[in-house]
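Summarising the annotation, TrEMBL assigns domain 'Myosin motor' to 77-336. Positions annotated as ATP binding site by TrEMBL: GLY171, GLU172, SER173, GLY174, ALA175, GLY176, LYS177, THR178.
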Amino acid sequence: MEGRQSTGSPLSPLASHYEIDDWVWHKDDREGYRRSRVLSVDNFRDSIIVAADGPSGASQAVRKSDVRPFYDVGEERTFQDCTEMVHLDDANILDNLRKRYSKDEIYTYTANVLLAVNPYKSVRRLYSREEMEKYWGKNPGSLPPHPYAIADVAYRRMQRNRKNQALVISGESGAGKTETAKITMHYLTSMSRTDVEHGNKIQEKIVKANPILESFGNASTVMNMNSSRFGKYNEMMFDRVGSLVGAGIKTFLLESSRVVFQQHGEKNYHVFYELLAGMDEEFLDRLMLEREESYKLLHSSGTPPLQDGSPETQRLAKQFEELKYALSLFINEEEQ
Ligand SMILES: Nc1ncnc2c1ncn2[C@@H]1O[C@H](COP(=O)(O)OP(=O)(O)OP(=O)(O)O)[C@@H](O)[C@H]1O
Ligand SMILES: [Mg+2]
């Protein structure tokens, strides 16, 4: 191209990738990848000098392996499936996810894998009954990426091929695995055919099992205020016509040491705080507990004691009521 000059040997395969004045992504500690312009290419040292985009525009030498091609489609255009992109590398995938995230489009496909970026806020329009109906029986490519679409494909395949289906949800702590599992299970329980006699009861039990699991198995950590401290395998069973007929949960590797010790800034399992906040005075007396007391097992890692009537205590008391109701669906009052 006129006005462009490459300092690399034409025989070097790397040299042909980048030329002076090209826009590229280069690795950046803070932003992941940063948009920059190539100032010079040194093939002997395997380095490229780039000047960062933006007012600071400082130049720096970076390794070629830390540089990715920049593919300009404008700030507005995004790809709902990353495989449609010209350059399928980490920098361009991150850029696509970032642009989508800024428009509250938190889901993106990479072929038949769904990537979810945790919005850390409620994006209500994504999870309504109407939204569920849109995805029911539809080709996943014809609608925006969504866990409903993935759940729907699994349901259809199960019916068509008469084979068990599995959804694997993975990610680091706080990524949104538990929430995504609940979203898919909610879709399957709400939309699948129900056995008239047992259907509603099973649906309610599946949904209400979550508060029990979370009270006894989730805790506040530095990564996530509602971190699952155990692995979980949820099963849903359907009959030949696709009606939900049963469900089960297997749990693995509960972090039991948390009951007696928590790292600084972390808490014990939710249930202990919910008990203190939600039990009436008489019951607390019987157990020789006091709501506002600072207990070694619950408060020694920097968690302040509860304050009667505070919004946090009220929130925990509400969760305790939910827990009691959920337990009543599974076991009778005496066992509780
Ligand atoms: N789709 C979503 N919409 C809104 N908020 C979300 C969504 N997914 C996750 N969150 C928020 O992020 C928090 C952490 O998500 P979640 O508990 O699902 O993470 P996780 O991957 O299960 O983490 P851990 O491995 O620690 O259990 C949730 O409590 C919720 O506030
Ligand atoms: Mg979790």
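Every residue, even glycine, has its Cβ placed from backbone N, Cα and C.
Curation plays no part in TrEMBL annotations; they are all automatic predictions.
A count of other CB atoms within 10 A of each Cβ picks out LYS177 as the most crowded of the binding-site residues SER173, ALA175, LYS177. Taking the centre of the Cβ atoms of GLY171, GLU172, SER173, GLY174, ALA175, GLY176, LYS177, THR178 as the ATP site, the nearby residues of that chain (Cβ within 8 Å, site residues left out) are ASN118, ASN224. For the domain 'Myosin motor' (77-336), the mean pLDDT of the prediction comes to 93. The 6 Å Cβ screen around ligand 2 retains LYS177, THR178 from the binding-site residues SER173, ALA175, LYS177, THR178, ordered by sequence position. For the binding-site residues GLY171, GLY174, GLY176, the ranking by surrounding Cβ atoms (within 10 Å, all protein chains) places GLY176 first.
Proximity to ligand 1 (Cβ under 6 Å from any of its atoms) holds for these binding-site residues out of GLU172, SER173, GLY176: SER173, GLY176. Counting other Cβ atoms within 10 Å of each Cβ, the binding-site residues GLU172, THR178 show the lowest value at GLU172.
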